[in-house]
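K.L.:
For reference, TrEMBL lists these features for the protein:
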type: ACT_SITE; residues: E286; note: active site, proton donor
type: ACT_SITE; residues: H315; note: active site
type: ACT_SITE; residues: K429; note: active site
Amino acid sequence: MHELMNIDIGHLISDQDQAGFISRADFNNFAAKYGQGFEEFQAPLRDKKSPITLSLGEASAITGIKELAQKLREKYDNILLLGIGGSALGAKAVLQFLHGPFYNLEKHGNPRMFILDNLDPVLVTKALGVVDITRTALIYTSKSGSTPETAAQFIFYYNKYKEAGGRLEDIVIICDPGDNGINHIARQLGCHLLHIPRDLPGRYSVLSSVGFLPAEITGIDSARLLAGAAAAHQSIIDTPLEQNAIFALGTCLYELAMKGKSIHVLFNYSSLLFEFGLWFVQLWAESLGKKLSLDGQVVHAGTTPLASLGATDQHSILQLFKEGPADKVLGFVTINSLPIDVTLPEAFPAEKEYSYFTGHTMGEQLAIEQMATEMSLVGAGRPCYRLTLRDISPEVLGALLYFYEALVVYTAKLWHINPFDQPGVEEGKNITYALMGRQDYSQRRPDYEQAVAQFKQQGVRLKLS
Ligand SMILES: O=P(O)(O)OC[C@H]1O[C@H](O)[C@H](O)[C@@H](O)[C@@H]1O
């Protein structure tokens, strides 16, 4: 992993015992205090018992995924990928990091990929306006198969597709194995059906067919993504405690949370990492934000993730990071070697605001701005760490994704919570099912309707115009 990315946590620690940082003495005591817990985290990884290691077993699915991707590439100009949360965010992160922001506008001979991850009548209708549905393949990704937003999208496009004479057997459904509606539909349509390992939760599923199929369709070798993840895995289980990045960073983040750093900002210094930032937000939030501990105590665990984009957000939220509440720890993600750089030629030499650029590259400027921002935050007493990615390659991204998955699982151990469930999102779903008239929720419907009426009554409406 060290060849793919490296990490600097030096500015989470203070030798002067500065408030808001980890003291050197505390840091030196981590092994004694948390070493045992870290071994308990490493053991299931080593034995391939941790759910995140299920991704490593997905190597066997890659040949089939490549064949399917090839077929779809040959037949179709566009792909509409329907999914939400973990069924969309990872694929978006992969495509953006490896293809850049203009993939759909560039000429490369591969299908354009539209990932529709919201319930929005305007979005779904507009998408129909930009693709020829008869030249478009549908991928419906839903681990549970019961997510109402994605199901509604699928019903809409399935009908449009059928009306247009689309080949139903070319539809792709990606879901859990199981005896449920989505599996029944796939079998009824005789379409492609790819299964996600049952115990691999959706937000950890990017390194499975969920991320691999969109990657392959657009020309990314998913075996290289997985090779990067495998390298990260090996490093996490082999590296001794004192140099182990997951141990040091995870423990620092937990201890800083105990000191009131309740917000974890990931400040990504490349437009290619914007979607990765959103993937991180779901992973961190749903895995660590828990009311109950493993033994049933009310703990309200977790820290709030926030994704920022450098250099853009230096001009919006940075002011707050530096001078607002001291409740944040910031992680910078930078890319060491860019495949493209731009040297600025001389222009307006008489003007001091413009003349100093001559001969500098934009990559150099971005790196300077990142360091300047980080230094200024550390100087203001804000703890920061930095991940430096070797380059823009599938191996690096695979390692980065697996690194954060493992970091979340280790941090959850410190919080003593389950990182693989999300009980907090269920209630809203149940109310939706009941109010939308789902049959198996009919008994609960009157109660929910009454509760909704009461809730609305409690509102205090003010006039704005
Ligand atoms: O993949 P699906 O089953 O459709 O789930 C999509 C999303 O639904 C829920 O909101 C869960 O909290 C998320 O973790 C999940 O990623």
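Residue 1 is the first one shown; counting continues down the chain.
Cβ atoms are placed via backbone N, Cα and C, with glycine included.
Please treat TrEMBL annotations as automatic predictions, because they have not gone through curation.
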K.L.:
Listed active-site residues are E286, H315, K429; which sit with C-beta under 6 angstroms of ligand 1?
P.N.:
E286
K.L.:
Across all chains shown, how many C-beta atoms besides its own are within 10 angstroms of the C-beta of K429 (active site)?
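P.N.:
Taking all protein chains shown, K429 (active site) has 15 Cβ neighbours within 10 Å.
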K.L.:
Pick out which of the active-site residues E286, H315 has the most other Cβ atoms within 10 Å of its own Cβ.
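P.N.:
That would be E286, with the highest Cβ count within 10 Å.
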K.L.:
Could you state the whole-number distance in Å separating the C-alpha atoms of H315 (active site) and E286 (active site, proton donor)?
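P.N.:
Between the Cα atoms of H315 (active site) and E286 (active site, proton donor), the distance comes to 29 Å.
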K.L.:
In Å, rounded, how far does the Cα of E286 (active site, proton donor) sit from the Cα of K429 (active site)?
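P.N.:
Each residue's Cα considered, E286 (active site, proton donor) and K429 (active site) end up 15 Å apart.
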